[in-house]
Structure formats: C-alpha cells, structure tokens
Amino acid sequence: MDDGRRIAYDSPVVTTQFQVEIAANRRLTGGYFVLELASERANPVADATPGQFVMLRGDWGRDLLNGRAFSVLEPIDRHRFSVLLKVFGRGTALMQDMPVGAPMTVTGPLGQGFPAPTEGRTQLLVAGGVGLPPLHFLARTLAATKAPTPEMFYGGRTADDLVLTDDLERWGIPTVLATEDGSRGVHGRVTAPLLARIELAQARAEPVELLACGPTPMLRALREIGLAHEIPTYLCLEEMMACGFGVCLGCAVPVYGDKPYKYCCTDGPVFEAAQVRW
Ligand SMILES: Cc1cc2nc3c(=O)[nH]c(=O)nc-3n(C[C@H](O)[C@H](O)[C@H](O)COP(=O)(O)OP(=O)(O)OC[C@H]3O[C@@H](n4cnc5c(N)ncnc54)[C@H](O)[C@@H]3O)c2cc1C
Ligand code: FES
C-alpha cells in the first residue's frame, strides 16, 4: 500500500508521497472533523514539527486534481497521524464523508514549522478558528517538555468553533477562550485578552513571544500588536496552495529584504511577522 515515492520536479524541496487509509473520521462541532490516517509502512510525518503541513488527496479520479493543505495535528506514532479539518469547499466536504478504510495520498511533511521556544520567554500561543492545529501540536509538545508552560489564546465565532479544548485542559495549558457572539469564554475577539496579557507582561518586565495561526485579518492584527510592543512574533500563514512544494509559485508572500516575495509552502508557512510586507 505504501509506495513512499520521493518527488523532486524542479522544486527546492525533495519530499515523500505515500499512501494512507482513513483509520478514523471523528466529527466535532461547527463543521470540524479529525481524520486519523494510517500507512502500512512507517511514514515521515512521525518526525513533523508544529506548523508543518501535508497535502492530502482522496481517490477522486479526475475530480479535484490538486491536494489540499492541512497542518499536522498529531503524529500519533510512526504509522499514524491526525489532521483537524473544517469544511470549506468541495475537497473538505468530500473528506468529511470519507469512510474508515478509504485510501488517500499524502505528500509531506512540508514547509518550515515554528522555531524552538526562546529560553526565558513565555510563549503566548494564539489560535483563531481552523488555525488551531499547529498550536495544539505545539502546546502538546511544550507541555511534554520541561519548558515553561505556554499559554493559549483561542478564539472563534461561536462556541461550536472551539474544539479540542479538553486536550488543553488535560495538558495543564492555561487557556483563554473568546467567541465573537459571547457563547463561550470572553465576549469578542481573542486579541483583547491577549493585549491585556501583553500589558501585564510588560508591566512585570516578563519577556514573551507570540506564535499564531488563524484567519489573515487576525494575523495582520497580531503583526501590528507584535511590532508595536516589540515582541518576537511568528505567524503561520494559510495561503491558497496548489502544489505545496515550490513548483506552481502560486503561494507568494510579500516580504521585506533582498527578494520581494517568499513562498508560503517552502519558506513558510511560518514567517517572522516583521518580515511579512503587509
Ligand atoms: C499551510 C496550510 C495549512 C492549513 N491547515 C489547515 C488545517 O489544519 N485545517 C483546515 O481545515 N484547513 C487548513 N488549511 C486550509 C485548507 O487548505 C483549505 O481549507 C482547503 O484547501 C479547502 O479545500 P476545499 O476543496 O474544501 O475548498 P476549495 O475552495 O474548493 O478549494 C481550495 C483549493 O483550491 C485550489 N485553489 C483555489 N484557488 C487557488 C489559488 N489562487 N492558487 C492556488 N490554488 C488555488 C487549491 O488547491 C486550494 O487548496 C491550511 C492551508 C494551508 C496553506
Ligand atoms: S503552493 Fe505551489 S509553489 Fe507554493
């Protein structure tokens, strides 16, 4: 079942494509679902780091030729990993209804994930909606190490958009939830309690860093907050991607520096906020 083909094309990336089967497809609230994917042979997603992603494609014939990009939620063991998806368009709607045992093709793990935590800084993780997976993965990783406990700020439109919060509780991650309609946690956007936390940190001279993933307007706001407060800030961008490994050049991100653009799939998806030319 697992052919483990290495693909290169003219891409700067050499990565692996392999076959999996759906081992579990668990529906959550708000159109979210978790796919657990299993390969017969050991697969390289086991070594993925938080923020890295995979391209996933079902066995759909000529329908939907391109894979879809999804952050790794959890490398469970050397054969199994999971992703958290939200129904967005046709591909994710098809995936939501795929049964256990259905085959999928995976390319990855791809991209550059979040940097290792800076010693002596408190990590403030900020997730908006479907931006949760890389920060959930990061929170689990940090909770399992001797690093100081990170804090999570997680926002959604309604209570149904806030999923997998039991995990954060179980790992002992202090978490502030926020919903735009006030149905769970703080009423409003997650940036308000985050700003209050940053101001508290600055009053105490406590060094912090921001690591975030979510909708572009939220990431733009966090970039401004990070720059205004001179806090190291890392943003996991979710640009539209066709190939995922540097061939189609469809995921350009405007940046400062020698080149006007970098590519979300190979240079990112995690970028330092100060680098992004928004
Ligand atoms: C790095 C990364 C991580 C992500 N992680 C997650 C995650 O963990 N969970 C989650 O739910 N979502 C995630 N997303 C978003 C997810 O990829 C989209 O929701 C998904 O592609 C939608 O597919 P669809 O078929 O349902 O929607 P559609 O709108 O039918 O199709 C979207 C697809 O169309 C193609 N496409 C459309 N416009 C363009 C364009 N301008 N240039 C190139 N290709 C185009 C791409 O193949 C794109 O993936 C992530 C995106 C990125 C880039
Ligand atoms: S998605 Fe094709 S180059 Fe980035």
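Backbone N, Cα and C atoms are what each Cβ position is placed from, and that goes for glycine too.
Here the structure is a predicted model, which means the values were calculated and not measured.
Record note: TrEMBL gives C243, C248, C251 as [2Fe-2S] cluster-binding, and the candidate from C236, C265 in that site is C265.
Cβ neighbour counts within 10 Å, taken over all protein chains shown, single out C265 as the most crowded of the binding-site residues A69, C243, C248, C265.
Looking only at Cα atoms, S71 (FAD binding site) sits nearest to C265 among the binding-site residues C243, C248, C251, C265.
C243, C248 are the binding-site residues among S71, G91, T92, C243, C248 whose C-beta comes within less than 6 Å of an atom of ligand 2, given in sequence order. Under DSSP, T92 (FAD binding site) is assigned to a helix (H, G or I) in the three-state scheme. Here the domain 'FAD-binding FR-type' (15-116) is broken down by DSSP into helix, strand and coil counts: 11 helix, 48 strand, 43 coil.
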